[in-house]
Every structure is written in C-alpha cells, then in structure tokens.
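Shown next, in structure tokens, is the structure this report addresses.
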C-alpha cells in the first residue's frame with residue numbers, strides 16, 4: 001500500500017501502471033498453488049475375501065461387511081464435504097457396488113460413472129477360485145507368497161478350459177483376446193492400468209474435474225506406485241485398506257503434493273485417524289493371510 005504523504009500522485013500512478021492489479025496477482029498465485037484432487041476407495045470385503053479364496057477377475061459381490069465398509073467410506077467423504085464430477089471403476093461388481101454405495105451416501109448418484117476392465121483387480125490365473133489355505137498345503141507357503149507378494153512373478157496361467165478363464169466372463173466379450181491376461185503379477189497389472197490412468201483419467205483431472213476411483217487393492221497399488229515412484233521391494237509390502245478413502249492432491253503438472261498426515265511412502269492421506277487406520281490395514285492382512 002502507498003501513502004499519499006510519502007509518494008507524489010505522479011509516482012503513485014506510475015507504480016500502479018507497472019504493477020498488475022491485485023486480483024491478477026491473486027489469480028496467478030492461485031494458479032501456481034492450484035490442487036487437483038483424486039480420491040481412491042478400495043472396495044469393501046467381498047464374499048470370496050470372507051471365504052479366503054483367490055478372486056482376481058472372478059465377479060463376486062460384496063459381503064455384508066463389505067457393504068458396511070462402502071457405506072462408511074461414503075460417510076467419511078460426506079463428513080469432509082467432498083464432491084465429485086465423475087467416477088471411475090472396474091467392470092467387477094464388488095467395485096461397482098462400492099462406487100454406487102459411496103455416491104449414494106454422498107447424494108451424488110447423478111454424476112457419470114465410467115467402467116473399464118483396465119481398473120480390474122490383478123488376474124490371479126490358475127489360482128482363481130482356490131482356497132488360500134488349501135493352496136498353501138499343496139504348494140507350500142514360500143511358493144504361495146512368491147505368487148501373492150512378489151512384484152514380477154505371476155501365478156500359473158489359466159488355460160482356456162479353466163472354470164474362470166477370463167474369456168468366459170460376459171463383460172469380457174468386447175475385449176480383444178490378445179488383451180485378456182491369463183495371469184498377472186503386480187508389474188503386469190501396472191502395465192495394464194497405467195495407460196488408462198494417463199490417457200483417460202489424467203486429462204479429466206487436469207480439466208478441473210473432481211475424480212473418484214473405486215477399484216481394487218492391486219489396481220490402486222499399481223497407480224500409487226507410479227505416482228510416488230515407490231520401489232518394487234516396498235510396494236509389495238503396502239496394503240491398501242478396504243473402504244477407507246485415500247486422497248491425493250496434484251499440482252498443475254500432475255505431480256503429487258504431499259498431504260498433511262500422508263501415509264507412509266505415499267503423498268496421499270487416508271481419511272481415518274492413524275490408530276483406526278492401523279486396525280483396518282491389519283484386518284486386510286489377516287483377511288488375506290495364508291497360514
């Protein structure tokens with residue numbers, strides 16, 4: 001601010017002519033500090049999670065607990081006053097159900113929802129439908145943990161006569177055969193998900209749309225590995241809890257902005273206090289643990 005007592009009228013006019021208006025300065029500052037938001041929600045517990053089965057691309061619904069978890073996710077987002085312009089989900093009903101329940105809790109069922117198989121869970125190959133404990137008994141814990149938790153070693157592939165061969169799923173009829181995976185590691189899941197993220201979701205975020213993604217543990221892990229450049233030996237140890245919104249904010253170059261209370265190794269943060277979050281993550285580990 002310039003005082004008339006210390007500056008002549010002519011000098012003051014000259015300074016005002018050179019300086020941009022305050023509104024322009026504020027706009028430029030806001031643009032530099034602009035944040036683009038994406039919220040990820042892993043679907044709630046499925047009936048096969050409950051039965052301790054490998055699921056992958058098999059299309060099973062949420063359990064009663066899974067429905068409750070999706071409702072809680074919606075309530076958390078409502079409490080924090082989140083609003084969305086578009087949602088993305090996989091073609092698997094447990095993720096679709098989660099997406100719809102979250103939007104219903106938010107009273108935002110009117111927004112468009114895009115479904116794409118590239119957001120599907122990792123394809124578990126010949127393990128799909130098998131009980132995890134029985135698989136450990138047959139193959140040994142070390143081998144099963146390699147299939148489940150290594151970054152780039154996929155399980156045995158599903159053959160075309162397998163009960164859960166992906167080409168048998170009705171939602172897969174329009175997917176070219178050479179795009180149907182017979183098995184996937186997390187690395188292969190990332191290679192499937194990343195083009196969809198870059199080509200479809202990122203342009204929508206950069207246009208200013210507020211985005212919700214309701215997906216799966218491994219498709220979300222694949223994206224956050226990319227976003228935060230997480231090493232291969234670290235991402236395999238990260239568990240995404242079911243039904244807890246994970247919020248990421250980005251600058252105008254789509255670089256993650258580290259949020260307050262960001263989760264370990266991540267720029268994003270969960271909408272849950274640390275003690276409750278720890279319990280949720282432990283519940284996921286125990287839910288899928290092969291003993």
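Yeah, the Cβs are placed from backbone N, Cα and C, and that goes for glycine too.
Features of the protein shown, as given by TrEMBL:
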type	residues	note
ACT_SITE	43	active site, tele-phosphohistidine intermediate
ACT_SITE	121	active site, proton donor/acceptor
BINDING	42-49, 55-56, 94, 121-124, 132, 148-149, 217-218	substrate binding site
SITE	216	site 'Transition state stabilizer'
Query raised in the report: How big is the Cα-to-Cα gap, in Å, between residue 216 (site 'Transition state stabilizer') and residue 45 (substrate binding site)?
Result: 11
Report summary line: Same chain, |i - j| six or more, Cβ under 8 Å of residue 48 (substrate binding site); the result in sequence order is 54, 55, 58, 60
Query raised in the report: Where residue 122 (substrate binding site) and the residue listed as 'active site, tele-phosphohistidine intermediate' are concerned, what is their Cα separation in Å, rounded?
Result: 14
Requested in this report: By Cβ count within 10 Å, point out the most packed of the binding-site residues listed: 42, 132.
Outcome: 42
Query - For the recorded positions 43, 122, 216, the one whose C-beta sees the most other C-beta atoms within 10 angstroms - result: 43
Query raised in the report: Of these binding-site residues, 56, 217, which scores lowest on Cβ atoms within 10 Å?
Result: 217
Report task. Would you mind checking how many other C-beta atoms are within 10 angstroms of the C-beta on residue 45 (substrate binding site)? Result -> 22
Requested in this report: Using a 10 Å cut-off, grab the number of neighbouring Cβ atoms around the Cβ of residue 121 (active site, proton donor/acceptor), all chains included.
Outcome: 24
**Report entry** Length of the line joining the Cα atoms of residue 132 (substrate binding site) and residue 121 (active site, proton donor/acceptor), in Å
**Finding:** 17
Query raised in the report: Rounded to an integer, what is the Cα-Cα distance in Å between residue 42 (substrate binding site) and the residue listed as 'active site, proton donor/acceptor'?
Result: 10
Query raised in the report: Of 45, 56, 217, which binding-site residues come within 10 Å of residue 121 (active site, proton donor/acceptor), going by C-alpha to C-alpha distance?
Result: 56, 217
